[in-house]
Amino acid sequence: MIPVVALVGRPNVGKSTLFNRLTRTRDALVADFPGLTRDRKYGRAFLSGYEFIVVDTGGIDGTEEGIETKMAEQSLAAIEEADVVLFMTDARAGLTAADLSIAQHLRSREKTTFVVANKVDGIDADSACAEFWSLGLGEVYQMAASQGRGVTNMIEYALTPYAEAMGIERQGEEEVVDERQYTEEEAEAEQKRLQDLPIKLAIIGKPNVGKSTLTNRILGEERVVVYDEPGTTRDSIYIPMEREGREYVIIDTAGVRRRSKVHQVIEKFSVIKTLKAVEDANVVLLIIDAREGVAEQDLGLLGFALNAGRALVIAVNKWDGIDQGIKDRVKSELDRRLGFIDFARIHFISALHGTGVGHLFESIEEAYDSATRRVSTSMLTRIMQMSQDDHQPPLVNGRRVKLKYAHAGGYNPPIVVIHGNQVSRLPDSYKRYMMNYFRRSLKVVGTPIQLRFQEGDNPFENKTEKLTMSQERRRKRALSHIKDRKTK
């Protein structure tokens, strides 16, 4: 499971600066979907081979009224659910009463905590950081988040215990993906193997949209139980099931449930739990409340799923019992606000009565098969060539961009790597054309598809020209002829 790093500290110590530095490598992925805003408190980060969720818990005053009364409930939950806490302080301002209050709270929680003295640029860092040792939380790590100084070392040290589980043996900051170039036979065999694996399905949504009701409807009424076993506060519940011969693992993010009445179930919402479930899933089922329409929180959760590259199915719940005018308004809003994810199937359901629930699995299987489908290099290259035949790449400085071949670069989401000359100069409009062409040709449904372009290596670059023997003889004769003419 992907680790969670919480940034904790009083206001203006640099938490947002560090958050932006850690998460900015993922901005481009969300930016590929116009109309989607990135959540400013939760994000995915990838640094020095480590992939993790980073949470900015907001500023904590730590006044005499007591720290817990001044911390937002979600900030407290973030600290509780985090695997690692980076307690950020201001080396320039020195140790404050708020820092002492925060440290006292963190010691009481027995969390894995690292004290970070930020803003050490331009000062005597060792002297400025000395007093932070009195917090009693161990070593003090120096950082200048605005310049990136000390950030990588800090993350590597904090996440070292997770290195083996994450398979940190890679170089640089590129994700390790399946880039095998399949033949037609190998692709077919691998696809058959994948179809025998359980589909991990994360059911996500903001509070009270009906996640618990839908989970219980899918599993059957006999499975309505209260999940209050140790550990469920922090981790999602993994429930295996089988449907029509296909195995699934339902990742239930509804949270700890308690029964206040016989049939009443109250759920505890956790953003962090949702993010971890999305990371671990093959397919994400996003539930939207028909009575409330598309809320900002829905778009935030959608952004997490797209950022992770997961296959996606959308279910608009509580569709029964609302009049036709509201239904028309909701559909119009979906077209307007979710038009940028035209690859995802949208279902209108009633989890309470079961209307439309059965059809969800057709789209879930379709999305999984599209996201994990293995495609041979020859087929991808043929599709690339057909796209060029239908619409030639543009001219760049009088020369046509030349695309040579394509191969798979990863799955879930599908990634197509295209090699060629001057591909870095391809306009975004042509890249979008090619992405849509590949999606149509491969019949990809329910998952985003990514294209990556790589320049062909020039074998003569940075090499001096070496003449053949005959060219060398001709050169000598020419030089001799020129020399004879000058002497005459």
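Every residue gets a Cβ built from N, Cα and C, even glycine.
Look at Swiss-Prot and you will find 3-166 tagged as domain 'EngA-type G 1'. Under the heading GTP 1 binding site, Swiss-Prot lists 9-16, 56-60, 118-121. For 199-372, the entry in Swiss-Prot reads domain 'EngA-type G 2'. Here Swiss-Prot flags 205-212, 252-256, 317-320 as GTP 2 binding site, drawing on sequence analysis. Summarising the annotation, Swiss-Prot assigns domain 'KH-like' to 373-457. Residues or ranges marked as region 'Disordered' in Swiss-Prot: 469-488. As annotated by Swiss-Prot, compositional bias 'Basic residues' applies to 473-488.
A helical conformation is recorded for Lys211 (GTP 2 binding site) in the three-state DSSP classification. Each of the binding-site residues Gly9, Asn12, Lys15, Thr57, Gly205 was scored by other CB atoms within 10 A of its CB, and the lowest score goes to Asn12. The number of other CB atoms found within 10 A of the CB of Asn208 (GTP 2 binding site), across every protein chain shown, is 13. For the pair formed by Thr253 (GTP 2 binding site) and Gly9 (GTP 1 binding site), distance between Cα atoms is given as 28 Å, rounded to the nearest Å. Of Asn12, Lys15, Val120, all annotated as binding-site residues, the residue with the shortest Cα distance to Asn208 (GTP 2 binding site) is Lys15.
Gly205 (GTP 2 binding site) falls outside any helix or strand according to DSSP and counts as coil. For Lys211 (GTP 2 binding site), other Cβ atoms within 10 Å of its Cβ number 24. For Trp319 (GTP 2 binding site), the spatially nearest entry among the binding-site residues Asn12, Thr57, Val120 is Thr57, judged by CA separation. Annotation: no binding-site residues among Gly9, Asn12, Lys15, Thr57 have CA atoms within 10 angstroms of the CA of Lys211 (GTP 2 binding site).
A gap of 32 Å separates the Cα atoms of Asn12 (GTP 1 binding site) and Gly205 (GTP 2 binding site). Secondary structure at Lys15 (GTP 1 binding site), taken from DSSP and collapsed to helix, strand or coil, is helix. Across the residues of the domain 'EngA-type G 1' (3-166), the predicted structure has a mean pLDDT of 79. Remark: secondary structure over the domain 'KH-like' (373-457) totals 32 helix, 26 strand, 27 coil, with classes taken from DSSP. Here the C-alpha separation of Val120 (GTP 1 binding site) and Gly205 (GTP 2 binding site) works out to 41 Å.
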